[in-house]
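Undergrad: Dumping the structure here so I can ask a few things about it.
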């Protein structure tokens, strides 16, 4: 009876199927949106030393240009998600993209550090309207058979956006100035936002609801109480925390003996992020064949293997280890995020918002806490810390595999 009911619901909903014109439009739109979002978010990372030099800042103070945006973005996702339940998915994503692009261009004209940090905080808040809602749009509008593949392509767009944002801003800042680099990133993002607005089909399976604060909190509570979703939230926390920590401190290692790499050479390590362009959609395809749980476990193990490989003091082998680690990370994130979207039958936006909240929270917590291990044991300490957390992620994945575990609450 339940199976017949689920089939009837699938027929009633107007899902977008793979290999159709609308599906291709969704891919182009979400790719453009992901590119704009993460190029704006990470464009300042490569020019933090320039901020330090111009405004006489310590590295910690300079990092506020990035951390101010990520903090407000993670917090904003808890509110912009439910807000989209009222005004619609496409409306809030389009508005958020245009606001973020405009704020980035305005930021390029600022001459005081406080103004830059404030504008970056507002930019992060605006971007939360895209990050929190895009995954929900995909899970609502894309046919379940194509959901994982589409989610993987969306994450690929995010990956390319983050990579090009870092690379382009670095080149333009060195050639001209940091303000020119931000202006160009803002203009490119504005154009990408236009593509997003034009190509993204309006929601067909979305029903507008009024905000009830108590009901909204209750929905968040239900998602946290659900064991499957809660474990996926923790896995997301571990994933992003591990990824950011490794790339935060690998530069310090490669500046030391026996490598002595310069800053520009270390900056090229961001090209490793492009492994996500392949591994994210590939994981989506493999999920339909081997199921999500198996793909998640294998992807986490790839991260662990990659990190073990980086223990060798040969540059080529370290880079190989980072490539394997990154490929496993993007495959894991694509798998876990699509799992959250498909598993949460009710309050999808709250489930997605919580996953992304934990995901970016892991970046802040691990990135800072990793400094303790670097100070005492350098790269070995970082590796032991991250490998331990990844094994905990594998443990949670095996717990999710237990048949008697499904659909249970704490």
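For all residues, glycine too, the Cβ spot is worked out from N, Cα and C.
Pasting the relevant annotations from Swiss-Prot:
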| type | residues | note |
| --- | --- | --- |
| TRANSMEM | 27-47 | transmembrane segment |
| TRANSMEM | 63-83 | transmembrane segment |
| TRANSMEM | 97-117 | transmembrane segment |
| TRANSMEM | 118-138 | transmembrane segment |
| TRANSMEM | 145-165 | transmembrane segment |
| TRANSMEM | 180-200 | transmembrane segment |
| TRANSMEM | 228-248 | transmembrane segment |
| TRANSMEM | 254-274 | transmembrane segment |
| TRANSMEM | 293-313 | transmembrane segment |
| TRANSMEM | 316-332 | transmembrane segment |
| TRANSMEM | 355-375 | transmembrane segment |
| TRANSMEM | 378-398 | transmembrane segment |
Undergrad: When each of 27-47, 145-165, 254-274, 293-313, 378-398 is checked against the transmembrane segment (63-83) for Cβ pairs under 8 Å, which one has the most?
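TA: Per the Cβ count, the answer is 27-47.
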Undergrad: Between the transmembrane segment (316-332) and the transmembrane segment (180-200), do 3 or more CB pairs sit under 8 angstroms, pairs being 6 or more residues apart?
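TA: Judged by the Cβ rule, the two regions do not touch, with the required three close pairs absent.
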Undergrad: Mind pulling out the one from 27-47, 118-138, 145-165, 355-375, 378-398 with the most Cβ pairs under 8 angstroms to the transmembrane segment (293-313)?
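TA: Result: 378-398.
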Undergrad: Please work out which recorded stretch in 27-47, 145-165, 355-375, 378-398 has the most C-beta pairs separated by under 8 angstroms from the transmembrane segment (118-138)?
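TA: Answer, by Cβ pair count: 27-47.
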